[in-house]
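Student: Heads up, here are the entries from Swiss-Prot:
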TRANSMEM  19-39  transmembrane segment
TRANSMEM  46-66  transmembrane segment
TRANSMEM  98-118  transmembrane segment
TRANSMEM  122-142  transmembrane segment
TRANSMEM  155-175  transmembrane segment
TRANSMEM  196-216  transmembrane segment
TRANSMEM  241-261  transmembrane segment
TRANSMEM  286-306  transmembrane segment
TRANSMEM  348-368  transmembrane segment
TRANSMEM  392-412  transmembrane segment
């Protein structure tokens with residue numbers, strides 16, 4: 001029938017459009033599986049088994065909404081979050097925003113860079129400094145893809161995300177978690193002790209990444225040849241798929257740690273080195289190697305994304321541009337200083353997350369304000385319920401990060 005052929009052709013064209021527009025959310029999703037997430041999820045699973053899996057589920061749902069709002073801002077207005085702040089805030093506030101955003105980007109990169117270096121160290125038996133040099137070389141090579149446009153970089157970052165997801169499918173097979181207990185942990189909220197509250201705050205509070213909010217609105221702001229409706233429709237699919245994969249990885253990390261460590265009497269696993277060394281005798285060499293490879297993949301991809309985010313905030317806030325290789329060189333200096341000074345890398349990783357917490361409200365509040373502004377967003381303005389849920393997320397995430405900040409600073 002001619003009519004059915006037209007409908008089939010239209011449907012096929014729509015799928016091709018969606019496919020061509022997918023990618024930005026995969027770059028953003030990398031921020032949710034960085035080495036900081038590895039450390040928090042492993043510690044939570046080792047200490048409390050499957051009990052805190054529900055926190056990962058809810059944190060991921062919140063992150064989905066936040067990333068969708070960020071992407072929608074770029075689509076609806078053709079400007080990213082940093083540019084909107086620049087255009088609407090007083091100049092002193094804009095400069096203050098830029099400085100804090102750069103500090104946040106560097107603090108985030110510190111955790112990601114050192115995480116990848118630890119991965120190389122564990123896999124190859126090299127020193128942490130040699131691991132850092134390998135990380136620097138690898139990130140420079142990945143960033144060179146940016147010269148060929150956004151798509152090749154999206155494909156590589158997306159490939160690394162899928163690799164980490166595949167690695168954790170294998171880890172789940174090795175660790176064989178108890179499915180009924182796993183499902184119960186995902187569905188039933190429980191906080192058995194005050195330490196569990198702190199770990200839950202760590203899982204949830206470290207979920208929303210300020211630099212990725214800035215970056216996602218930039219990745220979707222360029223119009224191309226597609227309509228806003230087509231782009232937003234594709235973006236919803238993009239965010240749903242990418243963030244679901246990131247959520248699965250976080251769930252798998254915690255479930256693997258629960259199955260491998262908690263129920264074997266290793267509840268005190270608190271750092272990445274110990275997790276790797278404990279995995280080998282429990283689950284075999286292959287499981288430990290896969291863990292190391294996934295840590296390297298997550299660290300490399302997230303540190304590249306952090307570099308791109310830093311470029312976006314600089315261009316957006318102060319209209320200043322430097323070559324990516326210069327930015328990469330500058331932002332990895334703190335990591336080398338930490339390594340050369342002999343500081344505990346896991347401790348530095350935790351402290352970097354505290355610094356990051358300062359920037360969360362500063363990114364979320366204007367994002368919610370702009371996407372709830374009908375004059376700015378037109379027909380793509382947030383609905384009443386989306387706005388209320390967004391406000392609730394802001395209050396919750398900021399409160400948890402302040403709680404984490406106070407607790408961490410009191411322990412120093």
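The backbone N, Cα and C atoms fix where each Cβ goes, glycine too.
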Student: Can you name the far-off residues of the same chain, 6+ from the ends of the transmembrane segment (241-261), with a Cβ under 8 Å from a Cβ of it?
Tutor: 22, 25-26, 28-30, 32-33, 37-38, 41-46, 48-50, 52-53, 56-57, 59-60, 63-64, 67, 158, 161-162, 164-165, 168-169, 171-172, 174-178, 182, 185-186, 267, 269, 275, 278-279, 282-283, 287
Student: Taking pairs 6 or more apart in sequence, does the count of Cβ pairs under 8 Å between the transmembrane segment (98-118) and the transmembrane segment (286-306) hit 3 or more?
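Tutor: Answer yes: the transmembrane segment (98-118) meets the transmembrane segment (286-306) with 3 or more Cβ pairs below 8 Å.
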Student: Taking pairs 6 or more apart in sequence, does the count of Cβ pairs under 8 Å between the transmembrane segment (392-412) and the transmembrane segment (46-66) hit 3 or more?
Tutor: yes
Student: What stretch of 122-142, 196-216, 286-306, 348-368 shows the most Cβ pairs under 8 Å to the transmembrane segment (19-39)?
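Tutor: Most Cβ pairs under 8 Å with the transmembrane segment (19-39) come from 286-306.
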Student: With the transmembrane segment (46-66) as the reference, find which of 122-142, 155-175, 196-216, 286-306, 348-368 contributes the most Cβ pairs under 8 Å.
Tutor: 196-216
Student: Using a Cβ-Cβ cut-off of under 8 Å, list the residues of the same chain that are 6+ residues beyond the ends of the transmembrane segment (155-175) and lie near it.
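Tutor: Same-chain contacts beyond the ends: 23, 26-27, 29-30, 33, 142, 145, 242, 245-246, 248-249, 252-253, 255-256, 259-260, 283-284, 286-287, 290-291, 293-294, 297-298, 300-301, 304-305.
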